[in-house]
Amino acid sequence: MAYEQEINRRRTFAIISHPDAGKTTLTEKLLLYGGAIHVAGAVKSNKIKKTATSDWMEIEKQRGISVATSVMGFEYRGYKINILDTPGHQDFAEDTFRTLTAVDSVIIVVDAAKGVEAQTRKLMQVCTMRKTPVMIFVNKMDREGKDPFDLLDELEAELGIGVRPLSWPINMGMKFKGVYNIYQEKLNLYTPDKQKVSETVAVDIDSAELDAMVGEDDAAKLRQDLELIDGVYDPFDVKDYLAADIAPVFFGSALNTFGVRELLDCFVEIAPAPLPVEAEERRVVPTEEAFTGFVFKIHANMDPNHRSCIAFVKVCSGRFERNVNYKHIRLGKMLKFSAPTAFMAQKKETVDEAYAGDIVGLPDTGNFKIGDTLTSGEELHFKGLPSFSPEMFKYIENADPMKTKQLNKGLEQLMGEGVAQLFTHANNNRKIVGTVGQLQFEVIEYRLLHEYGAQCRWEPISLYKACWIESDDAAEIENFKRRKFQYIATDKDGRDVFLAESGYLLQMAQADFPKIRFHFTSEF
Ligand code: G4P
């Protein structure tokens, strides 16, 4: 197959949702269609059950599962599909943010009864920021849920994106009869079944056939709804979807493998092939001959004795090959990889090559950090792996003075993996760890001990947010730092960070120093 064709048939995306909306179930059903698995229930849920939030061993177990399901590749109708899994637990939201930098589009799963939930809203902000094309799957139509029109309004208002239904449900819950596929103008009648794939029939919406299939009342309601949809929403234009202005919406029930095929068929047709990626120096186009890629995720130590990790590299352009030397830009040295892995369904296997759009896993013993660029030789630095303002903070102290070196080494590595963010207080030089969830503190403590033999102790610090500050007026920054010296820290790159103790104090600072810009992500 021609090289460009090979790249253009790739679809690399992530499924995001609030926990329990049905992400795992939908992923599994997509794999079922792709023939990557043969029975439902084969994909283990990698979500960390809410009840086990403080059970670190449980998380370890889950991590073991999730390395295999971090990326799931499969073939469908001539397309190569790569699904990037995102951790369900909200304490790992930062991981999810970064995974979103490696995808070309996103499918959002929403529970029909619950509508838009907190986690979805937050993740959508990242998609908006990056202008990632989004498709929405409204799940659990086999249960009573919100009125579909109300739900569409809610999606628009809460997610800040226009919507366009491309399928439409006929009733819901006990009376759910199926969906009309607006995109293909076909009817898909519902029979609950977790394993079997339902059949779709072409039907003229104005024909008596429709009445015979779903009953007169429901047929009339469907015609009325479709008319209303045409009246309210502009005709669907793929360009609007690709520009991230409009999100096509599908309805179904992942558990019953229903409405999933409509989603998948439309997805492969309209979702973007690998998109150009911005580097500091220039824009990199996927079909360029030379290989480039960046590390967006590091999966830590499956074996604590060896400190071995897997660095996940998104191939941005060209073809990655096994045993070929590539330049690790940050270290300025050439490296080659004898055992790169690709992820097909649930298997991790060594591969000889991978193309733009694919993800390769590189076994690593500490060479990689999140955001590192690899190229065939060109000096490039990929952008777009921002850190977000953490929301929880603790001072980290060394609890074993004999192991200072180990602690520092461990901390540096863990921060490089993106487990949390480290700030150094400008006033007293104490180290502050910032996270998005309580679990990260446990992760750090456990891993420092088990992988580096270092012991840490946490001390409380009451902070509301850390934000990066900058100004065109250097004197103003100096003035601010002087005035707020107890609240200034530096991040890992030595940049100034303001530690706000409360939302009120942050607002005050913003009002008092209008020439200073306060940023809530590290990339500005
Ligand atoms: P998540 O990855 O987004 O967290 O969600 P997951 O797929 O694990 O689904 C959460 C729960 O919702 C599961 O039930 C799952 O069976 C159920 N579910 C998913 N899709 C549908 C659907 O279309 N209809 C209905 N009625 N339920 C659905 P659970 O009881 O938490 O887990 P399990 O014991 O069934 O696995």
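From the backbone N, Cα and C atoms, a Cβ is placed for every residue, glycine too.
What TrEMBL says about a protein is an automatic prediction, not a curated fact.
Quick caveat, the model's predicted, so the values are computed rather than measured.
Marked as domain 'Tr-type G' by TrEMBL: 8-275.
Per TrEMBL, the feature GTP binding site maps to 17-24, 85-89, 139-142. Reduced to three states, the DSSP call for Lys23 (GTP binding site) is helix.
The 6 Å Cβ screen around ligand 1 retains Ser17, Asp20, Lys23 from the binding-site residues Ser17, Asp20, Lys23, Thr86, Met141, ordered by sequence position. In sequence order, Asp111 are the residues near Asp20 (GTP binding site), counting only same-chain partners six or more apart with C-beta under 8 A.
For Ser17 (GTP binding site), the same-chain residues that are 6 or more apart in sequence and have a Cβ closer than 8 Å to its Cβ are Lys23, Ile108, Val109, Val110, Asp111, Gln119, Thr120.
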